[in-house]
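Have a look at the structure below, then the notes.
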């Protein structure tokens, strides 16, 4: 017996499949089923082994930045600075606990997927129908499928009766798929093309059938999706960027701390004092507030996004959402309405004709069965008929009999009595309808169909290539008889046709334009045919020059796929595995990739993307796998989310640039001053206080405004730009430190305490004002900071003056500054402000920031 492989069953006749699986149409015996259940296991998607809570918590401390701060807290403790130590440890713990709860919650995705298949199903065992738990299905079981029932495992169909299966959750296809039990002659396995297979997780939209179980649990298509979902979540691009920044920071801190220690030890000959001062410098230049700044930025961003109907599940994804430059999305429900609608009810000249709609209303499975579950085409006819008030045309008509749809005829008919005339009204697929029509109604006249057949075929083919689903309408007068059958569906008069589509959303074109303005390229990933996808894209004025099909992707290596994806913008007839490969190809090319999906088949791609986006109406597993959930499905709300993400990223970067400018400028200054000063330029306790007070205004940076120009393009971490900024502006900051040193020593003949207090004051001023400069590419007066940021800076300045001029200063060995020194250093800072403002413009222009 074949062991859970479906690589050949679609090619084999039903009898051979039954034989290969040691089964029969009478089903398995209970004893055999029990034996197979023990051998192959339950038909359940096993949840991945969850990491213990303590492991998840410990993983939050692996970031290089966190390790630096932990080292800083230890050093601070050695120096006796218990307050600084407590603050740093508290910041680290708050950030770690927040990340822990987010990650712990996200690991419920597999549980949701497993619950999805916990259902009952009907099988034949010992030649009798039996209701069993779907988890107890085994290879070879014969499963009965009925209207509305979920498919409990992957099946090779052996009998079908007008069977339509909705595979939208698996493939993304909008329309139900016709199924039959015939062997297929194709060699390539693609779920969308397997007309004789039914897949776990899909459901019956019409008709009934029987199938033999050919795959269970992890071997099903749904199980493969679950297996892909088990992959460990990757770090976000933002987390990678923070990690790289932490490594850069660690290298620079180690280099300068060691260098300053050696310089002080050589020139001051006091090893203990030199060591303590160097360690204080290491703590002082560590951006201990960065985790808190990031958390505040992200939390504020999440609150703003929630007001715009974008719910953030994983805070770190906000930054990446702003940096997305490739957005992969299905078309159904995103670019389109997500439901089948009747585009038009036309006569053969292409004009809307209410009589055609009236015939379609009468020849309708819902009209006949009065059952509103199932066929979306017939539902669309009913909806349009009510809107068009077609009741007037069918007043007095009565449906006497019907010939239901089947896949051999591919049409249905009704016998209706209308105004004393008995008619057979028929509706069906193009080729099958043209084969049974002899005449056509054109311009009010009934003519022979033959002379017009070629032109009509070309017209219908053109419409189908435009992505429309067509049904033809025909009728004829028919006499009274005891029983009607398919033989009566001949000699019909073709009267018109119906055109169906999943219409583009009214807001989609505007949303696509918004994404273009934001520098985000949209890529359509769909299980639908390329014709349908192209039609939607053309309606929305999207580029359709390059299309990749699932079967083409299947034959490509990873390198070949990478070479093709940049030019392609439509990927049609693809599987969940294809989506993963496409997303990974874009990521390997350096893109930040977002993926918008709502089906079971989308869950692995949601996990693999830099930012997984789902919607509130999605299946649970998709929402759990996503980083961001939209409260309404559409691109417009996502565009708002991207803007908020860019604002958050921009404000975080402001803190980093301001911090490295000031902190590393101070390091350059200390290294130089240590050579010629007879005392250390600033006491360790003063360095720690300076670092804390200068960071305080940064807590308000999340409220700062972000320039419109900054929001127009995705932004990415660039260590080259950050390191260049650190060196150039750090040296510029150090230059003004040395100017202050000269003034204090040469003009005012400052002693050690006065010098240290003066440099503390000048260092604080330059650190505060530089925030107001680098926060915008524009001239300062063209883009003013938020009031919160501005006033926080003023308040902190007042606090610094309080330390200098009150008894509080005694605890930090401050000396009250004479007013000439105070204002002269303010003047130095003003000159520094102007020069940095000019240097900023030059830097941004050179590096294209």
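Here the Cβ of each residue, glycine as well, is placed from N, Cα and C on the backbone.
Checking the ranges 770-787, 788-805 against TrEMBL, the transmembrane segment annotation falls on 788-805. It is 817-836, from the ranges 697-716, 817-836, that TrEMBL records as transmembrane segment. As annotated in TrEMBL, transmembrane segment covers the listed stretch 248-267 rather than the other ranges in 248-267, 308-327, 328-347. In TrEMBL, the feature transmembrane segment is placed on 279-299, out of the ranges 174-194, 195-215, 216-236, 279-299. For the transmembrane segment (725-747), the neighbouring stretch richest in Cβ pairs under 8 Å, chosen from 248-267, 788-805, 817-836, is 817-836. The list of residues near the transmembrane segment (788-805) in space but at least 6 beyond its ends in sequence, with Cβ under 8 angstroms from a Cβ of it, reads 689, 693-694, 696-697, 699-701, 703-704, 757, 760-761, 764-765, 768, 771-772, 775, 812, 814, 816-817.
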